[in-house]
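Chemist: For 498-523, 580-599, the entry in TrEMBL reads compositional bias 'Basic and acidic residues'. Annotation source TrEMBL lists compositional bias 'Acidic residues' at 541-552. What TrEMBL lists as domain 'RRM' is 613-691. Taken from TrEMBL, the feature region 'Disordered' covers 498-599.
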């Protein structure tokens, strides 16, 4: 855990060992650390609570157990934990306000899980037993006459029990017929007509729910399809409490499914809109699936929607940056979401403000973060078209009236390899057109004509249109001359490229014909050889030399041998908005020849029938020496390693990924816990071996 604090299984093993040895203080500390990183399952919470209950004798210690229960019920909706909480609270009934505290916990439990079709009945029965016990203590001694106060208290207590029965009978729960029979037997008065009507209605609703409950009972984990059918059924019915409960039940068994969290949070955001409920669900979502950037973005939006303090939102954003997203574009998305939030805080009617400075500072930090942190990890920034810088330029131009800063930003964008794209020039031109001046528009289009290589005709047309509307005769002549010269060079280059392509195609046809002819000759040679093998004596005595040697076939030309290399055209390409060209970093360095050739090594193929005992390991260093030995040592702790298939390119360079096959399926599952372990300074990614073609919806 000191190496990788996010190793879930390692936390479980440590807790198990400490519990076996009775190390209660260390056990409490270990559980505390795990609960800070992960939501805990029902089983882990119940074990923890039972251990703490055994040790809690003083009132102060009981209060700590109450706090622990409060944390437990927030992780997942668990009827067993709520029942344990309510029953434990009965032990404090002798304290001041004890009875009311017990009732409060029971009521909260019923709100949370009282609608649970299969497990809700136990809570209702426990609540009634508690109220019946109070009724027994309120009964006067045999033979005595109760005082008016006692009589009033008895009537009040009886009414509480009546109310509980009536409330329960209006809810579709398993074995509700037994509850109805119990009420008939307990009540000295006839059951009210309204209660009977609600009971029958609940019975009808129970019959509709039973197929879904039976499907869940018979299904194998993870039961996602069965839960989704149940959710769709409840969504049509439209009862918010029941919809929330079935989502919570599904998440308790599928807490690592980001799409399920996303659908649940979307429902809460759009329908219930209760701050505590919404924010709690979002928080649990990102704790369960921290690698999913969409959940973090929804959380930030929900916090802004419910007017959470700025410092808390900023703190949550920093947590998101450290969540360990699996692709570079995820970091661009989370930064953009945070920048959008900061932009909405700014009052742009003021020339300057603290919020505006914070926004500019965040834009600068985002650009630097993508350049340094993200590029170092993924070898790309995730933002090749500089969308964050483009948005920054729009904010400066449109909202801050600072066109000079916008031009500086666009100059920076163009020097990052975007000057050859027409759409980038036109994006800048449109910004300049709306908030700048004609002089800069003209300058930008002249540069675009000179630099664009994908759609030069389009930028030429835009330049001519500008001069047609606003230019002088001199401007028009200059534009026509520039566009004609440029398009002439482009057409000449395209013609050369077409000629070379045709020549290459012709050479390929010739090679194909040669290969066809060689095959025909070889086939004919084999046929002739076969017809003459009958005369063994002649073959042995006279023609041994002739038949002992195979006719030499013309050697095949290697693809590309003798082909002309397409030279770079002498195109006028300059970087930046204003023609400032940057010096190259240094002379071109020829690629070194691989010291050892692996062309004789066959390609690494994976047998999909071994998926269950295989993991896919990636993000390893290309310079790793002897990856098979290194990984065998690393994964040996998980179980017996059958084979490690490292993938190399034709030059013998390790490509940074491999397949690790184990003897047992359990060993492969344990190997997944090594995900993000640091290996030679890089986080190693370990994921299940799944064929995406056969399982397109599978997500790690």
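Even glycines carry a Cβ here, placed using N, Cα and C.
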Chemist: Can you give me the average pLDDT across the domain 'RRM' (613-691), rounded to a whole number?
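Modeler: Across the residues of the domain 'RRM' (613-691) the model's pLDDT averages 89 on the 0 to 100 scale.
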Chemist: Taking DSSP states H, G and I as helix and E and B as strand, how many residues of the domain 'RRM' (613-691) are helix, strand and coil?
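Modeler: The composition, in the requested order, is 20 helix, 32 strand, 27 coil.
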Chemist: With DSSP, how much of the compositional bias 'Basic and acidic residues' (498-523) is helix, how much strand and how much coil, in residues?
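Modeler: Taking each residue of the compositional bias 'Basic and acidic residues' (498-523) in turn, the totals are 26 helix, 0 strand, 0 coil.
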